[in-house]
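The CoA binding site feature in Swiss-Prot is assigned to ARG191, GLY192, GLY193, ARG194, THR311, ASN335, SER523, ARG584. Annotated ATP binding site per Swiss-Prot: GLY387, GLU388, PRO389, ASP411, THR412, TRP413, TRP414, GLN415, THR416, ASP500, ARG515, ARG526, in sequence order, evidence recorded as sequence analysis. Residues or ranges marked as Mg(2+) binding site in Swiss-Prot (evidence: sequence analysis): VAL537, HIS539, VAL542. Sequence annotations record features per position, and here Swiss-Prot assigns N6-acetyllysine to LYS609.
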Amino acid sequence: MSTQSLYKVSSEIAENAHINEEQYKKMYQESIVNPEGFWREHGQRIDWIKPYTKIKKTSFDDHNLSINWFYDGTLNASANCLDRHLEKDSDKVAIIWEGDDAKDQRTITYGELHSDVCKFANALRSQGVRRGDIVTVYMPMVPEAAVVMLACARIGAVHSVVFGGFSPDSIASRVIDGKSKVIITADEGVRGGRIIPLKANIDEALSHPDVDCVEKVIVLERTGGDVNWVEGRDIKWESLMDTASEHCIPEEMGAEDPLFLLYTSGSTGNPKGVLHTTGGYMVYAAMTHEYVFDYKDGEVYWCTADVGWITGHSYMVYGPLANGATVLIHEGVPNYPTPARLGEMVDRHKVNILYTAPTLIRALMAEGKEQFADFDGSSLRIMGSVGEPINPEAWRWYNEVIGHEHCPIVDTWWQTETGGILISPLPGATDTKPGSATRPFFGVQPALVDNMGNIIDGATEGNLVILDSWPGQMRTVFGDHDRFALTYFKTFRGMYFTGDGAKRDEDGYYWITGRVDDVINVSGHRLGTAEVESALVAHEHVAEAAVVGYPHDIKGQGIYAYVTLTKGTIETEELRQELRKWVRKEIGALATPDLIQWAGGLPKTRSGKIMRRFLRKIAANEVTNLGDSSTLADPAVIDTLIESRLNRSE
């Protein structure tokens, strides 16, 4: 690894951060050698009703799979996010909210949030919700979404948040799986200037013939738009809150009692409900939030993720609020109505910590740095990236244009299933390399294995596994423990298989290469699609790229690249050939794209994830049965890509 690609921790940051390099190594070693002792100490960072005495009872044996942490202790997640701050921080701002329209703004103190949560917890009880019941939540990005989650946690109900971009069919499958009696929604949402018909989607979902469990639908008025109303079933949020008491004693929950369900997107067949429990999850979310973002009391923290994803759960609600942070919640998208919106919000709210996704960074890159000519950014101290591996070129742009080259970047790798960040730099402890998630968090033991499950040491590439449990880990697939074992523990026995491939360099840094099924086998050689994409995006005229394999008569698989050009760049055959030569120079002849299709847009979910299965089918000329496209932000993109595809049958 060349020294040019190494960004050293500055002495100022190392001196003022929670931990430096030496302390990280000491703590990490202790967490691996003596996990019980390590977590016995660090589990005390949250409040327990009945203190734990038993720390860890875990087995990755797929025939005897069980995960238990702090398992004889009791606590309440809502109390940890609210009640414990009231004595000295009741007037501290918990949530700053900015609507899709920047003129819509609210601030909510910890005292006010506590009152709202208690009221809604009592409202839920008035509608028959009891401990252990699953409550489906389909809300816009408003403070009330956090209120609902914390209210469920307060009374021991299990929330199942469904991303507001999901279709009625997706909602129905989740409601059926969880047998929800109560659904929480809003009349409409607002995102990027568009109205999202939330209540209408719920109505359509509940018309599904297999949905027979729902008794009540609680509806928040967000826009005041006209909605269908079912008497006896639908209830106004406001009428419940007007009469509810603001006193609600938090339910005493076991550490291993469920806190929430979150269904993984893109799962085939029945939805896969990832189940997280209370104690270990809260410890891990709070601890990773503090150390990875080097959070200091009084700072303003902005995670741009939607609450419908795990990032919104762990790093917009539970982790930051457990640590007493001031959290910025934004209803819209950070590049609407103009690409300058992100910078304007950072400056307006004096954001200290920003956590966003590579897809947004690339979208802003494509618009050009002149969009940030008026951006001050002096409040920013730490910046994070989440959701997919970040291309080195996007990392450098983020560092230069948003961070003004003075903010450490934490490129975090984790999953819905892991509950919290597993591999990431720590700002005061880790020299960074653009594109690398670097080193594991405390208690996390990553390894690389070959396809036979043999551990491979040193600088190498392989399948990324985790060798032992950590507190934030999911406990099961809801209602299907066999599926949990089959999906994560049978591929490589005795190890948690992440489904991702990775490289490890000579410094022990991890580089995530993408999903194992995002590997192209070209003439017997395995190529990670992320590597080819990074090379393409490094070209000055490329804003975004997605690479897939397609059937090739000679090579087995060929390389098919979908390329979105920067604003003002003209699509020419000369540029196409230039890009092929560019990739050949950057990686080698083997990685040269066979086909490069110009793409005005790529098929993405509203969280910004590229739906590669559509791209694979289009590249393979299998365009008659693409499957459900209802979760796409813009389904029309598919038709455009099909129309201009390059691999047509003769």
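Cβ atoms are placed via backbone N, Cα and C, with glycine included.
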Note = Across THR311, ASN335, THR412, THR416, SER523, listed as binding-site residues, the smallest other-CB tally within 10 A is for SER523
Query = When the Cα of GLY192 (CoA binding site) is compared with the Cα of each of the binding-site residues GLY387, PRO389, ARG515, which one is closest?
reply = GLY387
Remark   = Quick note, VAL537 (Mg(2+) binding site) and PRO389 (ATP binding site): C-alpha atoms separated, nearest Å, by 13
Ask   = What's the most sparsely packed of the binding-site residues HIS539, ARG584, counting other C-beta atoms within 10 A?
value = ARG584
Key: For GLY387 (ATP binding site): intrachain residues, at least 6 apart, with Cβ closer than 8 Å   = ALA305, THR311, ALA357, PRO358, THR359, SER607, GLY608, LYS609
Inquiry  = If you compare CA-to-CA distances from PRO389 (ATP binding site) to each of the binding-site residues ARG191, ASN335, SER523, VAL542, ARG584, which comes out shortest?
reply    = VAL542
Request  = Please name the residue among the binding-site residues ARG191, ARG194, ARG515 whose C-beta has the most neighbouring C-beta atoms within 10 angstroms.
outcome  = ARG191
Request  = Indicate whether ARG194 (CoA binding site) is helix, strand or coil by DSSP.
outcome  = strand
Ask   = In Å, how large is the greatest distance between any two Cα atoms among ARG191, GLY192, GLY193, ARG194, THR311, ASN335, SER523, ARG584, the listed binders of CoA?
value = 47
Ask   = Counting Cβ atoms within 10 Å across all protein chains shown, which of the binding-site residues GLY192, GLY193, PRO389 comes out on top?
value = PRO389
